Amino acid sequence: MAYDYYASGAEDQWTLAENRNAFSRILFRPRILIDVSKIDMSTTVLGFKISMPIMIAPTAMQKMAHPDGEYATARAASAAGTIMTLSSWATSSVEEVASTGPGIRFFQLYVYKDRNVVAQLVRRAERAGFKAIALTVDTPRLGRREADIKNRFVLPPFLTLKNFEGLDLGKMDEANDSGLASYVAGQIDRTLSWKDVKWLQSITSMPILVKGVITAEDTRIAIQNGAAGIIVSNHGARQLDYVPSTIMALEEVVKAAQGRVPVFLDGGVRRGTDVFKALALGASGIFIGRPVVFSLAADGEAGVRKVLQMLRDEFELTMALSGCRSIKEITRDHIQTEWDAPRALPAPRL
């Protein structure tokens with residue numbers, strides 16, 4: 001049940017496969033004979049300096065994967081010098097995660113019907129030292145995840161959604177289909193709209209990243225409504241099936257943003273080469289989700305450290321072999337995509 005919850009996507013799972021497959025259709029145009037003896041992978045996100053443009057996406061209920069859950073993930077992220085995003089539906093609270101020690105952390109927010117619950121949660125995250133809100137905007141209802149329906153998915157009885165424990169919203173009832181889908185139907189606000197992004201800004205000084213944008217139109221509206229950044233995401237292909245992969249939607253969003261706010265990507269990143277491709281298409285950084293829960297399940301904190309190290313090493317090698325010594329040297333010319341115009345060949349000599 002737990003594995004299926006983490007691994008599956010919505011309906012036919014076409015987008016789930018496409019999130020991965022689309023990366024394989026982007027090819028490199030490496031530049032040679034450049035001194036790559038020193039490679040600097042560091043970057044800044046919302047003014048915070050991090051060691052690499054590889055961050056941790058919010059994934060729910062991590063104690064299903066390993067008893068240390070979000071504590072282990074937080075420590076691994078901090079050790080790697082990168083950002084962790086904590087899910088609203090974590091099995092550890094914002095305060096518990098903050099207690100693991102220093103680190104730059106973002107908080108992913110679901111907007112509940114009861115706005116007092118939301119306001120309280122945002123204040124708690126801010127007090128606990130979280131630096132930004134990642135507002136998930138693609139989930140007015142939960143996607144049809146057929147593995148969860150088949151398994152009658154429910155949070156194991158020894159776990160709770162820790163952020164909501166004191167509000168009597170920490171438990172999930174068993175249902176004939178997915179217990180999570182029933183929970184969402186009962187608690188999450190389907191009326192959520194752009195005015196609520198404005199409301200959120202009025203109750204917190206934390207910058208708001210809008211997570212779940214895949215079109216130019218919504219990018220422009222998000223920026224008009226004060227978003228500090230955009231996360232191009234299709235929710236790990238778990239919401240609407242047959243949306244494009246995030247790497248295919250990325251360039252449209254980047255062009256619409258016109259450099260006004262940073263654009264990030266999650267979905268399908270499994271290799272350092274994937275990270276490079278996203279940055280070449282204009283992303284300021286990427287977030288990984290499933291690699292974290294699977295490595296957490298395999299080996300706890302050490303597993304998450306290992307996955308971050310593997311991606312870091314692969315990304316560094318990709319940069320070196322492409323002739324890039326810093327993040328700012330990665331350009332659109334370092335990759336070629338199916339939709340690029342054919343490069344003009346030199347005119348033949350007559």
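Using N, Cα and C of the backbone, Cβ positions are placed for all residues, glycine too.
As recorded in TrEMBL:
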- 1-336: domain 'FMN-dependent dehydrogenase' (DOMAIN)
- Y5, Y110, R145, H235, R238: glyoxylate binding site (BINDING)
- 58-60, S87, Q108, T136, K211, S233, 266-270, 289-290: FMN binding site (BINDING)
- H235: active site, proton acceptor (ACT_SITE)
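Mapped onto this structure are the features recorded in TrEMBL.
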residue : record                  : Cβ neighbours (10 Å)
Y5      : glyoxylate binding site : 22
P58     : FMN binding site        : 26
Q108    : FMN binding site        : 23
Y110    : glyoxylate binding site : 20
R145    : glyoxylate binding site : 25
K211    : FMN binding site        : 28
H235    : glyoxylate binding site : 24
D266    : FMN binding site        : 29
G268    : FMN binding site        : 28
R290    : FMN binding site        : 19
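Checking each of the binding-site residues (Y5, R145, H235, R238) against K211 (FMN binding site), the C-alpha distance stays within 10 Å for H235. The Cα atom of D266 (FMN binding site) lies nearest to that of H235, taking the binding-site residues Y110, R145, H235, R238 as the candidates. Around the Cβ of A60 (FMN binding site), the same chain contributes S87, S88, W89, A90, each under 8 angstroms and 6 or more positions distant in sequence. In the structure shown, the C-beta of R238 has more C-beta neighbours within 10 angstroms than that of any other entry among the binding-site residues R238, R270. On a Cα basis, R238 (glyoxylate binding site) lies 14 Å away from P58 (FMN binding site). Binding residues for glyoxylate (Y5, Y110, R145, H235, R238) extend across at most 18 Å, taking the greatest CA-CA distance.
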